[in-house]
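Record features, source TrEMBL:
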type	residues	note
TRANSMEM	23-43	transmembrane segment
TRANSMEM	64-84	transmembrane segment
TRANSMEM	104-122	transmembrane segment
TRANSMEM	161-187	transmembrane segment
TRANSMEM	199-216	transmembrane segment
TRANSMEM	228-253	transmembrane segment
TRANSMEM	431-449	transmembrane segment
TRANSMEM	521-542	transmembrane segment
Amino acid sequence: MSLTTLSSVPPPPVTMEPWSHELLPFAIAGFIVSFILAFGVGANDVANSFGTSVGSGVLTLRNACILATIFEVLGAVLIGYKVSDTVRKGILDVSLYNNAEKELMLGSLAALGGSSIWNLVATFFKLPISGTHTIVGATVGFSLCARGFSGVNWITFGKIVASWFVSPVLSGIMSGALYMLFNQLIFKKEKPLEPGLRVLPLIYGITLLVNVFSIVHDGPTILKFNLIPWWGAVIIAVGIGVITSIIVQLFVVPRMRRTIRASIAKEVTKQESEVKFTFDSADNSRSPTPPSRELSVIEKGITPTTYTFNNSSETNGYIPAETKSNNLLTANLDNGCSSQSFGVTNNSSQVPLVNTSQVKVVSMEKLTDKTDGDTDSLEVKTLFSFLQILTATFGSFAHGGNDVSNAIGPLIALWAIYTEGSVAQSTPSPIYLLLYGGLGISVGLWVWGRRVIKTIGEDLTKVTPSSGFTIEIGSACTVLLASKVGLPISTTHCKVGSVVFVGWAKSSRQGVDWKLFRNIVIAWVVTVPLTAGISALLMLILKIAFL
């Protein structure tokens, strides 16, 4: 080889020493700021996982926090590595920072700081923003400040931006279609119990199949799932789905049938025994022509139904209070259910006479009457309550896998530069850093998560166990699919899209708070430029201070 040839070969990039004391302060600062960001992501984005479950009443806030803590961390560790790699290396052209390791570390700090500030501010005002928006916008912001437009991989950035708009539509269409399908098969039936029990094994089987495939296919290297071919993942997922369906059919369905029927019988008995009669007159005199009194039948949470009263002991339009206990007021329901009888208390000193012409029924309703879309019948509520918890749990798992990258991607970049001394970041995402991000998300959930949960689970639309299930399964499938292809879509967009589409499907336009939805969309739009601006400003300050 000639000297000329040797001179034309570019020298290898000069890297800093691994574990350099010069870079240690930036690594420590990265751990602190990334935990603050993870806290903000947990407080805001966790509403995407369990907001609808809390809003529908199937989970208490405390139980939701417990489940989210477990499955957010599991999702972060098992499937979060793919999206973390995209955030830390896919958006930026890291080769532009060769021989400038400190500058890239400062940029990662600026990105963490900019996104954490906006996350905390939005959570304080109960705005459900996208954690993905914040970190991607902040990453672009510091890169524009450091390297201009050439520092950004605009093709990857464009795909990410496109996913922000496509994901709510896809997730909403999936959830809305599922709701309309189950509405025809189960919810609108006169007796929804048996149709619901027939499809229950299929629902459980498909739910497990989708989520197991998402985990096993090209899964975490720590469990050697990456060695399983795609057809092996299909076989495993289908096998688990089929086994789950068989178990549900043999054991869960009979038990739920007995439980629901017992609950219905108990509620009917309770309904009949808790009817109260009140009279709007305090006059207890035995005047032959007492002032008119109004009889009210009141029961909490029930809509009005008209009754007629037949009484053999009526005298001149009045009912003597000293009637025997078998002299009953017979209530004939207009909606076709069997007559129900209610005895008048046998107390002459308090109830002298009741004018039947003044009887007014305030409320009464059969337990299994058709609902208006905002409430579930007892059968539907019982069938879908656990299903909603199950799908919300998978949604939390997916959220941990996708959104842990928002807090940990820049931290992993910082740590890789510190431990390798190079911007190449050739090592895979460390499990312990993914675990660190999952724990930070969980802390934010416990401390501040209730603020945004109310917006997603209650304010945007009325959520029931049945509609909540379709919201959860549609959005979870969308997020899990995106996580497997390494695309950091917004779980906020997916969940809000599903909530809006399902709310519209079950109650038309009146079922959605469109003013609140407009405010959420505005928050989405301003997030990227706002976090980019904050990050760019922080990067400028850090460059002046340390470079």
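Glycine residues also receive a Cβ, built from the backbone N, Cα and C atoms like all the rest.
Unlike curated records, TrEMBL annotations are generated automatically.
When Cβ-Cβ distances under 8 Å to the transmembrane segment (199-216) are tallied for each of 104-122, 161-187, 228-253, 431-449, 521-542, the top count falls to 228-253. In this chain, the transmembrane segment (431-449) touches the transmembrane segment (23-43); three or more CB pairs sit within less than 8 A of each other, excluding pairs fewer than 6 residues apart.
Counted over residue pairs 6 or more apart, the CB atoms of the transmembrane segment (64-84) and the transmembrane segment (431-449) come under 8 Å in at least three pairs, which marks the two as touching. Long-range contacts of the transmembrane segment (104-122) within the same chain, counting only residues at least 6 positions beyond its ends with a Cβ under 8 Å from a Cβ of the stretch, are 23, 26-27, 29-30, 33-34, 36-37, 39-41, 43-44, 88, 94, 97, 128-129, 131, 134-135, 137-139, 141-143, 145-146, 406-407, 410-411, 413-414, 417-418, 423, 523, 527, 530-539, 542-543, 546-547.
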